[in-house]
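Worksheet for the structure shown next.
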Amino acid sequence: MGNCCGTAGSLAQNDNKPKKGRKKQNPFSIDYGLHHGGGDGGGRPLKLIVLNDPTGREIESKYTLGRELGRGEFGVTYLCTDKETDDVFACKSILKKKLRTAVDIEDVRREVEIMRHMPEHPNVVTLKETYEDEHAVHLVMELCEGGELFDRIVARGHYTERAAAAVTKTIMEVVQVCHKHGVMHRDLKPENFLFGNKKETAPLKAIDFGLSVFFKPGERFNEIVGSPYYMAPEVLKRNYGPEVDIWSAGVILYILLCGVPPFWAETEQGVAQAIIRSVLDFRRDPWPKVSENAKDLIRKMLDPDQKRRLTAQQVLDHPWLQNAKTAPNVSLGETVRARLKQFTVMNKLKKRALRVIAEHLSDEEASGIREGFQIMDTSQRGKINIDELKIGLQKLGHAIPQDDLQILMDAGDIDRDGYLDCDEFIAISVHLRKMGNDEHLKKAFAFFDQNNNGYIEIEELREALSDELGTSEEVVDAIIRDVDTDKDGRISYEEFVTMMKTGTDWRKASRQYSRERFNSISLKLMQDASLQVNGDTR
């Protein structure tokens with residue numbers, strides 16, 4: 001969805017090559033002209049009216065807004081208390097200045113319309129009232145205090161196939177009621193489900209209908225929306241219907257059982273190609289421990305042929321869900337829980353920043369790491385391979401699964417020679433040991449912020465990564481898109497610190513990302529052989 005206003009300069013016509021000292025147009029800072037440049041003929045800007053029939057105009061006449069509960073791309077969710085009854089709710093305040101396009105505005109209108117249209121359901125959050133003032137649209141909703149789906153799974157020490165079956169059954173019941181009432185959700189993902197309260201028996205509730213649409217039987221859609229890892233192949237092909245919700249639920253089920261998405265890559269084009277190919281991998285841990293019934297259901301939910309894909313009712317009728325209470329109750333292992341907690345793949349900016357921090361480590365900080373490297377380097381070559389890394393980490397008390405070890409190796413192996421040299425190992429150690437204190441991070445940020453204005457801008461990022469292997473415009477754009485959470489087209493120190501401390505998490509993917517980038521990527525894929533569907537290792 002929408003981006004921030006203003007541009008950062010422009011390129012001369014027919015000159016597409018970035019040059020030193022010359023600003024390239026900032027593709028992440030776009031002026032859509034909805035908030036200025038228009039008017040009533042007298043120089044006064046037109047007022048933006050979003051809702052057709054809000055409950056009222058002044059939310060504070062009835063409610064007291066309290067602490068912040070969450071923050072998204074378009075606004076903030078607050079704790080909200082009814083002044084008369086003291087009942088508590090959640091208030092989702094959507095800032096009008098963030099609604100940059102007609103599509104953004106229509107999404108908000110439709111979200112309200114759909115939530116009003118949906119029947120009361122124990123697993124769908126209830127919309128109580130709506131307000132609209134000059135600055136924001138306020139949606140007063142049922143309060144869900146139990147936290148996110150994945151967070152609760154991680155908090156439990158014991159995670160099983162039976163628990164995954166119970167969650168999947170709930171999600172599919174939500175999909176079923178949506179489809180029964182002519183609503184296609186289009187953005188099913190774990191973050192859009194919250195537990196109603198903190199009790200163990202709390203209901204799981206769908207909370208976000210911002211990308212949902214009404215549909216009629218047989219109606220086809222072509223707009224690319226959703227979150228990249230959960231998109232069905234037919235969305236990328238621009239010809240889809242409600243079957244996309246079954247696919248997204250299948251992706252969630254896959255993640256619930258193994259901790260990572262089935263279709264993953266480091267760039268958005270790679271993600272799109274993986275989705276189109278639809279190759280499932282049931283060989284790595286913990287899949288050998290997962291029942292055949294569960295794997296059979298995943299195959300049928302993630303069938304690339306939408307005509308063969310199961311309906312919501314057929315999923316609920318599948319033996320694995322029919323017998324959810326008797327599904328295996330054996331722990332799927334700490335690996336899955338750890339992956340759900342954070343599946344981190346470092347982007348090139350983070351890799352470079354880790355090397356800068358490594359270069360600034362004191363002798364005392366670095367010496368212990370170097371000693372560890374020398375112990376691992378049994379062949380005395382000055383570099384270690386993945387086997388030496390595994391043995392060395394085991395000696396140091398780190399038992400890392402083979403798949404995650406390969407991810408770590410790939411992240412650290414900057415020159416792609418299949419080995420880690422001492423400097424690469426130090427950078428990885430900084431990441432593993434969370435050694436990036438404030439002083440280290442400030443030095444690393446200053447390395448990129450060449451003009452000392454407090455931001456890493458596109459040109460500075462491009463220049464800093466110019467000597468990195470595989471750094472294309474697409475990679476630079478993807479870094480900005482991932483790290484620049486306020487969408488002003490540059491990376492602040494706070495955004496940089498967040499990236500360094502949490503990594504690039506596949507769970508966080510904005511609507512902006514999918515709408516603007518996947519539109520062009522789908523066109524590109526339509527023109528090459530990427531649309532051919534291959535077999536899988538199921």
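Easy rule for this one: first residue shown is 1, then count along the chain.
Just so it is clear, glycine is given a Cβ too, placed from its N, Cα and C backbone atoms.
Here Swiss-Prot gives region 'Autoinhibitory domain' for one range in the set 79-109, 327-357, 389-419: that range is 327-357. Considering only the recorded positions ASP187, ASN453, TYR455, ASP417 (Ca(2+) 2 binding site) has TYR455 as its nearest partner by CA-CA distance. When the binding-site residues LYS383, ARG490 are compared by the number of other CB atoms within 10 angstroms of each CB, LYS383 has the fewest. In the three-state DSSP scheme, TYR455 (Ca(2+) 3 binding site) falls into the strand class.
For the pair formed by ASN453 (Ca(2+) 3 binding site) and LYS383 (Ca(2+) 1 binding site), distance between Cα atoms is given as 39 Å, rounded to the nearest Å.
Taking the Cα atom of each, SER492 (phosphoserine) and TYR455 (Ca(2+) 3 binding site) are about 5 angstrom apart.
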